[in-house]
Structures are given as structure tokens and as C-alpha cells.
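According to TrEMBL, the protein has these features:
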type	residues	note
BINDING	B:Arg345	substrate binding site
DOMAIN	B:34-335	domain 'Aminotransferase class V'
MOD_RES	B:Lys197	N6-(pyridoxal phosphate)lysine
There are 2 protein chains.
Amino acid sequence: MYKELNTSTRILMGPGPSDAHPRVLKAMSTPLIGHLDPEFVTIMDEVKTMVQETFITKNHLTFVVSAPGSAGMETCLVNLLEPGDEAIICINGVFGGRMADIAERCGATVHKIEKEWGTVVSPEDIKKALDKCPKPKLVALVHAETSTGALQPLKEISDLVHNAGGLLMVDAVTSYCGMELQVDDWDIDAIYTGTQKCLSAPPGLSPVSFSDRAVKALENRKTKVQSWFLDLSLVKNYWGGAKRAYHHTAPVSSVYALRESLRIVLEEGLENRWKRHQEVHHVLKTKLESLGFRYLVEEQYRLPNLNSVFLPEGNDEALIRSKLLNDYNIEVGGGLGAFAGKIWRIGIMGESCTLNHVNMLISALEDIKEFKN
Amino acid sequence: MYKELNTSTRILMGPGPSDAHPRVLKAMSTPLIGHLDPEFVTIMDEVKTMVQETFITKNHLTFVVSAPGSAGMETCLVNLLEPGDEAIICINGVFGGRMADIAERCGATVHKIEKEWGTVVSPEDIKKALDKCPKPKLVALVHAETSTGALQPLKEISDLVHNAGGLLMVDAVTSYCGMELQVDDWDIDAIYTGTQKCLSAPPGLSPVSFSDRAVKALENRKTKVQSWFLDLSLVKNYWGGAKRAYHHTAPVSSVYALRESLRIVLEEGLENRWKRHQEVHHVLKTKLESLGFRYLVEEQYRLPNLNSVFLPEGNDEALIRSKLLNDYNIEVGGGLGAFAGKIWRIGIMGESCTLNHVNMLISALEDIKEFKN
């Protein structure tokens, strides 16, 4: 009744997942070992160190949440916020909105900085928000907004947040391992990411990291964290400490894959990897513009790896997108929210960031007779 | 610096994960497709139907939480409980205790039925608790307590709970696909399980199911669910409904593996699978007892697939257990809580439930010269 798994060989150029490296897929099929096996503890230690290296941080409290990026977001917020706290949440796309929703569920008073989708938050915006809420417990921003393709500068804002005594929380789901991201240098207090973007591992895990300042805030909580599964005071004894305490059963195979994807990133080198994403982006950009595509985001704030573009006039985006998928096996992403039906989100992330990927997409568009450029 | 993944070939006979079937491992290494790809939507539909078949339920709200069993537990509790609710939680091991902890974090008033570890909860215990709390929103029990190896009868208790107008919530992490479990027939309102026990898939996902009665309780909530990631009012639009709404990025590879493990279960047939676990258990039991092991749990309440046993007198359990792991690559589990250092938990689950597994373990014990029988 249920047949053997038989999926099409997709070329993944949407907002994630990206194509996985064969080495990562192979690692996934390694026979299981126990989640408390000394060999698995060594693997967790290695993964932790590699996550520290890729976040460019010495943060001791660095580990991997056993669930996708959204759960990483929730881990940061439920641990750092409690009823009575004030938070400033910057919203310029889907994921800022999600952070505000979660922060409100934590009982915090949320001050929203709402910006037009596709734009970024300026230091001036932060200053204005701090005038109204001078002592926020936390200020949260999205480094790379996957719904719009906007890249948020962080360094100047970091100083403003810390001068006000707040914690800086950052969503780095789409930027991690694809563009410059400096957790210690930019003084980020809480950060989460996903595995299925520029890391090119399967989706399902969320690397996170917390500064000593954030750890102090955790220790000073007056109430229990509302989530047991995401409570750092419990999880940290599983991912660190002298004696590993059982918390939950770690997703062994996904950790194998994460380990292999991190090895691949470090073999390439972070800076080389950032450069590759920039270079392939420039080729893609030139070719897309020559076909009549127009970028949503102003050039200086554009993500290299997630290209949000309006189609040339007169195209039925859903039709062309389904032709790309069905006739060429190429996945690109549609728009979200107000941009649904209006833009495409073209991802060139990790293993999907090659000249061949760009050429496959551009050539397919040139082939499709309904595509009007 | 970080070498190729090179794990030992373990024989997994602990409390989970169990050995995965090669077909499941192979499915994990299938190249990724997008989590909103029409092909993936079909896979999700198939997985949902197979989860309904294996839970033996027609419950419409049946799906898979994108995180391990503990997150499935939290999904049930955060959705069904809100501040002001009263819950009766039965505790006869680690996992009942965890349910009580989470229920308190939901703001519910928790009435605990605490029983000695290794025993089960009787209908009389439930009646007594209902005398003190006659109108509970929810009564929660662990069907198969992984920390002790006790099997909780449910049918009679189910009637008591429903006569009091409560919802029956059940932890089936260790029983699912290894012994009789009838969600509709036993009138269970909320159930969660894991993938890494008798299903023999990698850990990381949690199949769950909710009765119409539970769905009504969800619809009648006065407050928002405190977790965004686990909020069923959002997740259900991703796993069902006419148009799939993006919620989070599903763990594509883990869903591939889950699908394959469910196919294998249905090929064998649920009843054949339950019978196999019973038969192998009887062989294991006879051989363990002939070596001087003694069961913790009274015979009628014993789990076939998780054998909690005291070692024969005079054995250093940690030493023997490490010899099994290091010299024979066989993993058995140690005790938890009060039973740490005192019992072993020997799992024969799914692919680890074969006569060869039993013989490997028994022969290794006979070999180990420090083992005193």
C-alpha cells in the first residue's frame, strides 16, 4: 500500500533547505549509537567546539537545540524573558513578527519597532525605541530576514543596546556560515540558527549560543522557564558539565549530519565560504537583472544568499515557479505575507551556492516559453 | 583536526535508541526536497495515515512533532492545560515526574498520585484522587514507564477519568509498536510517543494524536498556548487542512526515516510485532533468570520490551556494563533515580528484538570473567 520512498532529484534554490553534500547524507545513514554512549559524548563535544568556531565565539553556553530554528528562537526568548520584563523586538518581516509573538507568550511587555518589509532597522530607530523603553531586558533583531532578503547591520546597534543595559538577541538562521557573523566581536548575547540554510545539513536542529551576560540573566530569573524541553538550566547539564545528565534523547543521526556539515565548513574556511556566497551572488544578480528581475532590497542591505526579486512585468509567478519545479526539478521560493504572489526568494546557500546552480536556473527560465523577460 | 565520523558498531539493547533497520538508515540518506514541496506534502499525508494506523485511531488531529518524545509530552500538556486548570498526574517513575513538572509550568494545579517505582497505578488510586479532585481537566499516566519497566493497564482507568469529565493523556513512548496500544478502543484523548524505541527509527520526532474531545478542549481555551513552537492551533494547519500553511521547517530526513520505519511495522503487522516482542521477552527472561537476574516489576505488570532487572549479588553493575560496551559493543541501560547503580534496563525493541540479540547478550555475560552468576 505504501510504496518505497521515491522522491524527485530536486535542485534546492529556495529559502531552505539547501542541497546537502553527499558526505552529510552519508553521515546520516551511519548506524545509531546510544545518546549517552561515551562515543556520542565525544561527538557532542566536537559539535559544540565546531559551533563555537563557526559562531566565532568563546561562549561556554553553546550547544544545539534538538529541534528546528523556530525552537531555537523560542529557547532564547523563554529563557531570557519572564513576566514583567520589557523587550524591544524589531519587525521587518515574518521572523521578527514571530519573535514578538513568542515574547508576548513569555509574559513580557513587548515594544515593537515595525519597519517596512525589505528595509532594515537603523540605529536611530533603536534610539527612539530606547527613549520610550530606556531599560529593556532584551532587544531582538533578525540578522538575515528570510522572508525579505534583508541584511541587518548589528555592530552599532549592539553598543546602543548594551549602553542601555539590555541583552542583544539575534536570529542568524539564514546568515550563519554564509556571510560574516561575529558573535563575540559584535557582542551578541543570545543567538540561534538553523542547519538547513548555508550549513547545508538537513533541517531539524538549532545551534545556539549565550554570552556570560545572558547566563547571568538566566541565573537571576525569579520564575521557572515556562518550557521544560527548552529550559537551559536543565539542557546545559546534558551538553556540558563534568557529568552528563540525561535530559532528553538527542537526535543522534541529525547530530552526525550536523557534525559532518560543520567539518565541511571548517575545511573550506569561514571567510572563503562568505566570499563564495558573495561571488556567486554577483553572477546571479547580473543574470537575473538581464532577464528583467528587480531586487526588493536596496543594494547595501541585500543578503547575498537569499535573493528576493520581483519578476519582470506580465509573468504569472506561480505558473513559472511550478514549471521550474515540475519540468526542471528546480525549487525557488515564493513570497510570504504581503509579498505572496509578488516576489521570488532565490536561495544560493551552502551546497546550492555554485555557478552551476545559477546557470541551471537562468537557462531554465530562458527555456520556459511562458516566461516573459 | 576533526576526523571522519567513525563510530563503533553497537548492539543497542538499552532503553533506546534501538538498532535501526538498514532500510531506515538508507531512507535517511535520500537527497533532500523542500518542506513545502508537493512531494513532501504527500509524504506527510502518508506518515499521518500510518501513524493513525499504528495508534489504531481515526483521530483527525494526528501528526508528528518535529522534536523528541519529551517535546511530544510538552505538546500535550501546554495545549490542554492553562492557568487555573486542575490535573491529576500519576507518578511511578521518571516520566510521570516530568509530566508533573511540565503541568506545573503550565500554571495548572497538579494533584500527584505517587506510587512506588516499579509498581503501577490502580483504579482505586484514581478513585481516591478523584475524591479530592472530582473535576480534573486531565488525568495523565505513563503506559510504559521506561525508567522502571512497568506496564500500566489503562482501560478501566479510562472509564473513571471520562465519567469525571476529564481527558485521558497517555505517554506511549516505549509501548508504541511493541505491545498492544489501542487509542480509540481505550478512549485515549491525548497520546505521544517517540521514534527510537519499538519503531526503530532514529530519535528526534514524536508522533502524537488527539481525540475530538481534546480538540474541543483546545478550542475552548481562554489563553494562548504558552509555546509558539508547540501550539496546535498553528501546527495543525501545517500537517492538515486544505492549504498547507508554513509553520516551521520540517525535519525532512527524519520524516523520510519515520516513513520507512512505519512501512516496516505495517509490513510485519502490529499484532505479529506485539507477539514477537512477547516471545523474545520470554526467552530473554528465562535466560536472565538462569543467570541469577531478578525482575524489578511484578510479572503481570512487566513490559516485554524493557526488562528492568537486579543483577545477581556481588556484581559491580557499572564494571560489567562497561565491559559489555567496550569488549562486546553491547549497550544495556543503567538504572535512573533511586535505581541508579542497582538495576539494568535491557531493551529488546523493534530491530533489537531478535533471538540473536538475546544470545549475544547472554553469551557475553557468560564470557565476562568478572560477572558472578
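Positions of Cβ are set from backbone N, Cα and C atoms, glycine also.
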Averaged pLDDT score, the domain 'Aminotransferase class V' (B:34-335): 97
Sequence-distant neighbours of B:Lys197 (N6-(pyridoxal phosphate)lysine) in its chain (C-beta under 8 A, six or more apart): B:Pro15, B:Gly16, B:Pro17, B:Ser18, B:Thr146, B:Val173, B:Thr174, B:Tyr176, B:Cys177, B:Gly178, B:Asn305, B:Gly347, B:Met349, B:Gly350
CB contacts for B:Arg345 (substrate binding site) [other CB atoms within 10 A, all chains]: 24
DSSP three-state assignment for the residue listed as 'N6-(pyridoxal phosphate)lysine': coil
